[in-house]
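As annotated by Swiss-Prot, DNA-binding region applies to 1393-1440. According to Swiss-Prot, the Mg(2+) 3 binding site annotation covers 1234, 1286, 1322. According to Swiss-Prot, the feature domain 'Reverse transcriptase' maps to 655-845. Annotated domain 'Integrase catalytic' per Swiss-Prot: 1223-1374, in sequence order. The phosphotyrosine feature in Swiss-Prot is assigned to 135. Annotation comment: Swiss-Prot describes 7-31 as region 'Interaction with Gp41'. As annotated by Swiss-Prot, region 'Disordered' applies to 110-136, 437-508. Residues or ranges marked as region 'Interaction with human PPIA/CYPA and NUP153' by Swiss-Prot on the basis of similarity to another entry: 191-228. Residues annotated as region 'Dimerization/Multimerization of capsid protein p24' in Swiss-Prot, with similarity to another entry given as evidence: 279-365. Per Swiss-Prot, the feature region 'Dimerization of protease' maps to 513-517, 561-567, 600-612; the stated evidence is similarity to another entry. If you look up Swiss-Prot, you'll see 838-846 marked as region 'RT 'primer grip'', on the strength of similarity to another entry. The motif 'Tryptophan repeat motif' annotation in Swiss-Prot covers 1008-1024.
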């Protein structure tokens, strides 16, 4: 600002204000034009300091002069302004701009010796030789040279796009910045725009269309002579197939130049215009002024939309003259029509100031009221005759402002002076000081007649004073919270801009200087470098100070105020510095009781009086889809609670937090009340559990509480509490209905009163998230305005810390309180903490330290599970600052499934641990605050019993401490636990301080690296240092990584029978020793551990042990130092004694074990594992060639697990992880289909998903018919049930759908180029093209080579599932599917049958067993886990009709024999085994066979009549019955049968 004020000083500034803007015009230059010119210079990379001298102006003119002929209006205005400033520096007297422009150009011509010529419009503009402007193509030595675009130009383009977001300003901005550019430069500009890819795509499409049109209009000519430059194609103009040199040659060749740069610019402009229309869809015909919208705001919207309209200037001019007036509101339209034909925009803005706004309405209302009922201020006014109404604008009588047709006069309606409107007229305000009539003539402008004849500027009462006061009061009442903006007096043109800037800065919160009114706004000002304390007074018209001397150049004035008149000296054009701004204004000096800056200086400073109106927008909340609100009944309440709830609800209703629910609201949630902590007041609670279930989900924005150790050290701390935090934030109006609740009445004396919440309710799941989000939005401006202040907010607690002085800190706190209070939040004084100690988050804060609030451990005689949980919680809370706290044995007291009220039995270890914790808590500990400049360190110590403690500190000051006692594994060691502790501390430090501390670990580096080399995958470990703090973490035994030469090798195995719990553990050695131990009540894992212990116990100091149990291998490899398992502890003791132990794992080697087969092999002395000798060659093979797993298993015959272990052990082949891929349907009938293109041909590709088999061929066109024919051909060759494609028009055509329907194919569609939808065929397209490229030279046509490539891919590509080719795999899958279906059909015939059988000479029937297979001579039966083969002659097959039931239900019945006969019940084993010795077999009765329908649970009584009158039942019933005729049947059966069928089952021996 200082540079701009120093451009013109003294007489030069006065001379500037005499120069007219146009010849014969009224307007003259002002200082604001210099400010504008200084701002514009920055766009051209020119310093504004050049305006301060004649030589600097000459440099500016040399740069701008070549650009003027093709420049924008802004550039021409800047050139004209610099010409005027140059003339003033050169002391050339000029009257207007044109005269100054001629003088400056004449000087430039004389200086350069020749005038610049206009460039030819048919080719791109370029600067003349020797001149270097902002042109990418310049002429040097007769040749055109390309100069890359400057970073300033590119930065200006990117900034333009980012700020305007493809608004209407982007197109002219691009025109200006791309002037003279080549296509290469334009592409460089487009590539700089990174985030607006949608708009860039639109531009690319326009470029492609225009390039195609260019190619069609400019066909390629015949062959060109050697050396002749070709004509540009569309892609050449776009810069994709041409070089920069070619582009320059086309642009500047002597004959037939082609301005490729300008052509490409036009294409880009078309694309930008399309983007502008897309991003600004409002049509200019829709831009209409609102009924209360200021005219200036309407004009801004109109011209913004006008810029986006891509029409010629004539149409835009018509729109400006016609639409601007036509779409104005009625009030402004009436004023604009009175201005006559074609008024200027400045005249329209001036005439419509204040029209239609609340201020004008209030003024008209006040005038009407005054004329209708207001008494005259003159005592004798009633005796005088009232004159007719005279309108001041035209001077005619008989009408008011609304009916006047004359053009409005410019200037103030009150005093007639230009430069301000009546709303800001100094004579209209009741100022504190007024200028007296000394030496001043009365204004000659027309005014309302003064009955008293007194001068209107005198201090006595004037006729309009009452009217003005009432109008001002009405305006104040109407405008309410609208801010009063004090405007300049320099022509009136800065006022609209000031108003607009004020409105635009409204969302910046506290970024601008503000003065709250809790005290008088007094600032220090420097008047001509003399410091003065002044009061900022918006009620005073003028400024007056005392005690300074400003010289003799003054005018005497008399001003009147509350205390009377005082004599003053008025000084004009005085330099004043206040609030880091410099202005020049008029000031008076005199004997005033207080120094005052009035509106004349406040306006120059750009200050305004604002009343912020706070409003928190509610966040929209909905229920989950398909859910409805709660409809629960209110449960009964006591009279005391009902009265308490009634009082609470009435208070909340008065405060606007509740409102009465309408009778149409169907929802309800139960409410109740509980006593607060003080037991005197009640708290209302709503049971929102049901509403929470159906409310949409929320995310907690603040995931944890802030820790005091993370606070930076500050001198001042204050803590605010937001009272009724939730109740200060509105609930969305559409959601309020679901919060309805009812207050019942005692004995139902009256209907219950129903309420709904208008604010966030307590207990509702959305309240915390919405409150956290809202508070963040509220406090964000404050944080930005006060970056040196730490503001920590957690729910309703706010901590403010700073290094400011006490007074400045209190100001910030008060400012925050006012901000919160203005938004409707309360900050209760009783909860405001100003002095330490501060109670915050369970801690006590001091300026230099923090500590926990006093902890009190509970004292109880009987402890329950809940009491222990609370005790452990208190101790864990204390562990953040009290080092040494342990809870391991306390937690063991409540291990297992226990109820909260169950009594706990204390152990001696737990009691000792509690007493130790009490001693630790008795010594008060303190923590310190974080200092960012110091290093953060963490020291870890190991306590007893695998418990760890750590402290995080800076130098010797401890920030916080902690403990760790979590053991994730039963068998572990100290190094693994140490890694877990470090990981916990690292995460904690990242959360609290955002950085990783430097660790001091109690472990030797050699010990750590020995373990870490093999177990680096365990976790992440940051930088650390060794610290000698006993007890050190050590590894207790020496595991080596390579086999020990010469040491005995033990091969171990163990097994166990799950039913009998008996097992065996045994080993063999390479030296012929073996040992087997029988175990009882064991498990497989215990047997494996036992044999490992046996091998250690029976071996020498060095040993190689081979195991087949990953369980054992995992325990031993972890090098545990302690375990809860007895055998593992014995293993640890044995391994400590060894010098070296090598342990290796091989999968499930046979020959050793505890089962029957392995025990037999051990007894025979077969000790070899057959594939062990091939492991070493396989490892060598992999080390040489890094073979894959499949190759190792195929070549060396080793198991897949061994091969995978070899590959995973290789550092080069080790994979840290794999990407997570999507899954596709791989059923046997699923195919995927897609199109691909190669050498201009269309190839249709179909892939069998499960096998990778491919079908492809070249088709003439990409249409639905061709696709349908190919699909029909494919379906005739292979079974296809499902076809998956993209959703292209050819695949969704009717032809393809018809073929799919006819063949019976299910279609599904995905998204094009989405790898998770049709990724198989997309990948196959790529492989097909690669295969074609390998064999392309073997055929001429693309049709042939495609079929050849398909053959290679189907029959020569082995691998994958089954190690087959895709063709073999597909045929195998189809064959397998057929076999499976056949076997399933066969097996389904046996699943409902059971088999009873005999074995050997045993005559007892056994079973039943499950029938697996029935052959010609035998059947296969499954009994339990055994599978038996039984001859047909010793087996009885019966049908199973269901499981065994009670006797009165359906028992198991016999099924039909194979030859159609029914099996006799006496042959059923369960019956036959109960037959008495020597009993005869049953025989059918003579009178016929009786059948019993036991499956249905009843015995039929109806029989079919026959000629013999026999009791034969229905034929259908016989299929479900069993023949009952035997000598001995259960008594229950006998009773039933004897009663219903007396002739059934009679036997001579019965």
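Each Cβ is built from the backbone N, Cα and C atoms, and glycine gets one as well.
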Residue distribution over DSSP helix, strand and coil in the region 'Interaction with human PPIA/CYPA and NUP153' (191-228): 22 helix, 0 strand, 16 coil
Could you give the number of helix, strand and coil residues in the DNA-binding region (1393-1440) as assigned by DSSP? 3 helix, 31 strand, 14 coil
Work out, from DSSP, the number of helix, strand and coil residues along the region 'RT 'primer grip'' (838-846). 0 helix, 6 strand, 3 coil
Neighbour count, 10 Å Cβ-Cβ cut-off, for residue 1234 (Mg(2+) 3 binding site): what number do you get? 21
Taking the Cβ of residue 1286 (Mg(2+) 3 binding site) as centre, how many other Cβ atoms lie within 10 Å? 21
If you count Cβ atoms within 10 Å of the Cβ of residue 1322 (Mg(2+) 3 binding site), leaving out that atom itself, what do you get? 19
DSSP helix/strand/coil residue counts for the region 'Interaction with Gp41' (7-31): 7 helix, 2 strand, 16 coil
Mean pLDDT for the domain 'Reverse transcriptase' (655-845), as a whole number? 85
With DSSP assignments reduced to helix, strand and coil, which class does residue 1322 (Mg(2+) 3 binding site) get? helix
